[in-house]
Amino acid sequence: MGVDVKRFLVVMLLLRICEYAAASTFPLALRNCSDHCGNVSVPYPFGIGKGCYKNKWFEIVCKSSSDQQPILLLPRIRRAVTSFNLGDPFSISVYNKFYIQSPLKHSGCPNRDGYSSSSLNLKGSPFFISENNKFTAVGCNNKAFMNVTGLQIVGCETTCGNEIRSYKGANTSCVGYKCCQMTIPPLLQLQVFDATVEKLEPNKQGCQVAFLTQFTLSGSLFTPPELMEYSEYTTIELEWRLDLSYMTSKRVLCKGNTFFEDSYQCSCHNGYEGNPYIPGGCQDIDECRDPHLNKCGKRKCVNVLGSYRCEKTWPAILSGTLSSGLLLLIFGMWLLCKANRKRKVAKQKRKFFQRNGGLLLQQQTSFLHGSVNRTKVFSSNDLENATDRFNASRILGQGGQGTVYKGMLEDGMIVAVKKSKALKEENLEEFINEIILLSQINHRNVVKILGCCLETEVPILVYEFIPNRNLFDHLHNPSEDFPMSWEVRLCIACEVADALSYLHSAVSIPIYHRDVKSTNILLDEKHRAKVSDFGISRSVAIDDTHLTTIVQGTIGYVDPEYLQSNHFTGKSDVYSFGVLLIELLTGEKPVSLLRRQEVRMLGAYFLEAMRNDRLHEILDARIKEECDREEVLAVAKLARRCLSLNSEHRPTMRDVFIELDRMQSKRKGTQSQAQNGEEHAHIQIAMPESMSLSYSSPNIVVENSSFSLDTKPLMPHKTQ
């Protein structure tokens, strides 16, 4: 058993010695002084022999022993030295540590009764106990304390109970099972140490051991606690301090000690190695002698005092020049390609602008001399930024004419951006005329067009944004936030009639919408109706009575007479409005496969109910109870007149508006504005004098679709 203990101590000493036994070329001791005692290097301020140490506290006595390995003694503290910390020459490490033997404190150990003292007193010396040491207790039933001048500053307990033994790592580390370790509180710089051991349970016998050591007893350094009662010594790490303020130089770095005045701990600066306590003891490290000491790689290493530098060789310089030139060439080509791509994009935008009638728009707006609102022309970049590059998440709706996106302009204004699908070149002139005409319309119930963009392949229109969905959604997908009462429906019908009447008769050039339906009636934040989507709307010369165009519109709303004759008149919009009135009355969709084939169209379904006096049966259940029956009957009769197969028997939009306005005014207890003769102001839409409108008369073309008759519109064109 004693042999095993000796082997353990030898292993610990060899580990400490090997850590700092690397061969060094710098002087450790003063000139003509021995720097070794056996295999242990002895650095200054320690020394062997008179005149070789700083003062008496650092005197080393090299004493021969029977096992042929000399013992290093510090006579002033009566302790044996095991090794010195020579520091790391390649980092600023403080060069002020050494290691001594210290006896263990035993209690209740029959084999070690003669070794019961573990006290250490360093008062008056330049030495103090390093905070790297750990207070250690070994044995069963042990309660140990570290004492400093009568005060217990650290303690721990050990037991052999099964509850701790089952803990993972209990047999290979000091966690309380037969062994425990505690760190010393930092910054104390203790010079006095003693240990006290007690029994946890007085009635139980056992051997208790306590000591101070710089080793952490775990892993490969773990010693079974049973062996520690046979141990005599362990090693303690000590540090020293000296008044060396005069030593600081470019090669030596000394830092003051917080607790001891005029006390310093020194080290060599980075790039130097040696003993900082010897004048001239820090010498330059030649980093170029070993590739591992520098980072020059293939470059030439040149040693300088305290450091090194890397110089490029001619091949390296040539390689670097070629690499830099290649990078500059690549960067230049990238800039050239970027500029060329930018030039192509700008050229393409100019091409689209001219092809889409941009020059014509500029020419026509110049004729107006600022007498009317000019059409704002947006750049493609403006609208890309406004719509986040036409992100799919910004889509408000899609239809036969194109896709509508929600956007925000630079000034914070929210707009609706309509990206059309296609436009024929022969219709561009008429398209520009329509933009100018529609941009001058200013009516509270008409969605205002704010401008356009002609730099894209297909022109883009910008409208005011209407936030509160369309009438179709409110009728067929109702929400509790906005109930569609009869009063609201009558108000919406009156507002839509007002807008269409304005377009038909209150402007100098009548405009036919040609696609009146509930999805094209938007509701703003105040639930005011706004007529939108003029994608297929057309203006007509004041002396003309109709347009002759390709048949377009939405099934369920299209005038049957228009389908047969290709002639679109203001009465065709009246027919579509009549279907809209029925939609408001019944809450039914304009086309439904759930109805019989002959009444799938809402108009036919309504007329059949009127003939059979079943109007009350088809009314929307949401308005049956609260509506005024006389008002409902009056609106139903007005809708029947609007659906007359002979357009001459239909009322004009002006007549429809007067009738609805009278009903609404009567409901509010006021006199109708229309009855009082307060007509719409006749708005003069300015057009260039050189422009007149005429229309071609193509054959009927109807799309093969069960729900839509959307086709490309025939635009009015300039006469020669």
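Residue 1 is the first one shown; counting continues down the chain.
The backbone N, Cα and C atoms fix where each Cβ goes, and this holds for glycine too.
Swiss-Prot lists region 'Atypical EGF-like' for one of the ranges 75-133, 252-310, 370-428, namely 252-310. Looking at N32, N704, Swiss-Prot tags one of them with N-linked glycosylation site, and that residue is N32.
All protein chains included, N147 (N-linked glycosylation site) registers 17 other Cβ atoms within 10 Å of its own Cβ. Look at Y463 (phosphotyrosine): DSSP puts it in a strand. Per Cα geometry, C254 is the residue among the recorded positions N39, C254, Y463, T554, Y562 nearest to C301 (disulfide bond). Fewest Cβ neighbours within 10 Å among the modified residues Y463, Y562: that distinction goes to Y463. In the three-state DSSP scheme, Y562 (phosphotyrosine) falls into the helix class. In this structure, the C-alpha atom of C254 (disulfide bond) lies 74 angstrom from that of L396 (ATP binding site).
Within its own chain, N171 (N-linked glycosylation site) has R165, Y177 as residues 6 or more apart in sequence whose C-beta sits under 8 angstroms from its own.
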